[in-house]
């Protein structure tokens, strides 16, 4: 038993040693460059999938193993670790740092939610839309971490506000002059259903006292009915309904008091009814999924898109068809459809979907809706009037987006045509770096000091962001991970392993192209649930590129859906950071995420398949093998 405990403690160490030794016969027996590169590939893939070593540490292995095996010299491997991608990432992180520092993200999110209204369904859609929009420009993890506290505050305020209102009603009904007899006979069916949904047991609370009181009141009603000749059936019915309503409110009041002390697993989450719990689950999953879906729309939205763009442009430099504008045009419709269908699916799964109630005009707001509107308004008012720093950040944000879109839109000449003498020199990273440098230059506020004479003078200024703030936001681990992927891809190409794999996969060319796309999409979607998204896409891009070349299909036909599906990690809390962030709030169980995520996964893959057969085909000529890809004679090994 003691040995087993040591094995569990040192399991990562044993896994590293075991993997290196078990795969070692591959290069020793075969003694080819392809086998040596395959050994490196399998070792790195195992470490990435199991996380036996940190992902970024594993990404450094090509710099060690390729020179030792004689695949690539060390200086060539080292040059792969810093590419055009990293300049683009630096510029984007400068923007994200300024947005978060000056709370522009909160203003955008709250303003969008205030615009859509306070109906629970529309409120959810508002949070999803604002989260997805922010995720287009910020990292998915940062977006989920920023929006989730606002959502949690709104959800808890809704629950507590309804409890206070019902407690007030109880006091009103139990007053000296009981106007409960005047209550309308038509009891709101929605409120009645909410009371039937109370399923959480309250420890330490007994209904005995309530039962005794109930029996006494029933006896009084019976006595009044037999002794009074003035009481008719209508008054009798009103009295009984009033008594029942009062008893329900009293029980709710007791439960509210107990729940104000009793908390769920230390998270502070309190549920008066099952519906309240379902609402918290719905809002959590909406934030997790919309932060991921929003990242699909732009090249800078998520690291997997950046990795794909850099890999594709390096492997097929003559294409020049993947840029910020073209990616947005192919992915934005897919993201909108996935977001809308995911909203319907989650709403139906947790709260039900009542179209008649949602689109009913002129209806009065419920207590929950008023409370929700109030808390959102209060959160927005806390931000105060928009400040100079927010305005400058917003202007730079808009300028960066416009420059990205207009650099080379495709249907009209872009501003890159001004530098026709140097075609392809200016890229999206050039724009990102230009705007990123302005954040270190534009003053945010004056720095003053008081002279001995009491005069206040300015001696310097503080820029929008500082280098220390930028460093705290810069994901250096992702930068190293992506660099390791580039080095691995170069090694596979240099050793001939990519061509060998493509040759072995060439029999798949007999299958229909749509089936190959579906198989690769499902493979990627399944693998990304247990491995990190960047590791998955970095590992599979060289293989899928070789597959496309071997079966003589436009590489975009396979690489685009596979890249999009890499982000569909919706099933497990550990699948991606946004899932883990919302899971940490304590409202969800793993089974909740599995049920909800399975539906979103199916929706995502179906929409991607639809896009590949409709609007994406119109953007790129996918029907023929392109001239910018390797010639057919070189696509496979002889």
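Glycine is no exception: its Cβ is also placed from the backbone N, Cα and C atoms.
A TrEMBL annotation is a machine prediction, not a hand-curated record.
The compositional bias 'Basic and acidic residues' feature in TrEMBL is assigned to 187-199.
Annotation comment: TrEMBL describes 187-209 as region 'Disordered'.
Residues or ranges marked as transmembrane segment in TrEMBL: 12-30 (among others).
Taken from TrEMBL, the feature transmembrane segment covers 42-69 (among others).
Residues or ranges marked as transmembrane segment by TrEMBL: 81-99 (among others).
According to TrEMBL, the feature transmembrane segment maps to 119-138 (among others).
As annotated by TrEMBL, transmembrane segment applies to 282-308 (among others).
What TrEMBL lists as transmembrane segment is 328-350 (among others). Within the chain carrying the transmembrane segment (328-350), a Cβ under 8 angstroms from the stretch's Cβ atoms is held by residues 121, 124-125, 128-129, 132, 278-279, 281-282, 285-286, 289-290, 293-294, 296-299, 405, 560, 564, 595-596, 599-600, 603-604, 607-608, 610-611, 615-616, 619-620, all 6 or more beyond its ends.
The annotation transmembrane segment is assigned in TrEMBL to 386-405 (among others). Note on the transmembrane segment (386-405): residues 91, 95, 98-99, 101-104, 107, 137, 323-325, 328, 415, 428, 431-432, 434-435, 438-439, 442, 444-445, 464 of its chain, located 6 or more positions outside it, place their CB under 8 angstroms from a CB of the stretch.
Positions annotated as transmembrane segment by TrEMBL: 425-442 (among others).
Residues or ranges marked as transmembrane segment in TrEMBL: 513-544 (among others).
Here the transmembrane segment (556-575) has Cβ contacts under 8 Å with residues 288-289, 292-293, 295-296, 302, 304-305, 308, 312, 321-322, 330-331, 334, 513, 516-517, 520-522, 524-525, 528-530, 533, 536-537, 540-541, 544-545, 547-548, 583, 588, 590, 593-594, 596-598, 600-601, 604-605, 608-609, 611-612, 616, 620, 622 of the same chain, all six or more residues outside its ends. The feature transmembrane segment is assigned by TrEMBL to 556-575 (among others).
Long-range contacts of the transmembrane segment (596-620) within its own chain (CB-CB distance under 8 A, at least 6 residues past either end) are made by residues 285, 289, 321, 326, 329-330, 333-334, 337-338, 341-342, 345-346, 349-350, 514, 517-518, 521-522, 525, 554, 556-557, 560-561, 564-565, 568, 570-572, 575. Sequence annotations record features per position, and here TrEMBL assigns transmembrane segment to 596-620 (among others).
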Using a Cβ-Cβ cut-off of under 8 Å, list the residues of the same chain that are 6+ residues beyond the ends of the transmembrane segment (81-99) and lie near it.
63, 105, 137-139, 142, 299-300, 306-307, 309-310, 313-314, 389, 393, 396-397, 400, 427-437, 439-440, 464-465, 469-470, 472-475, 478-480, 482-484, 486-487
Counting only residues 6 or more past its boundaries, what in the same chain has a CB within less than 8 Å of a CB in the transmembrane segment (119-138)?
92, 95-96, 99-100, 105, 108-110, 112-113, 144, 146-147, 151, 154, 279, 282-283, 286-287, 289-295, 297-298, 300-302, 335, 339, 342-343, 346-347, 351, 353, 358, 368-369, 372, 397, 401
So if I exclude everything within five residues of the ends of the transmembrane segment (425-442), which remaining residues of that chain have a CB under 8 angstroms from its CBs? That is, six or more out.
84-85, 87-95, 97-98, 299-300, 323-324, 392, 396, 399-400, 403-404, 407, 416, 419, 463-467
Examine the transmembrane segment (513-544) against the transmembrane segment (12-30) and state whether at least 3 Cβ pairs sit under 8 A, considering only residue pairs 6 or more apart.
no
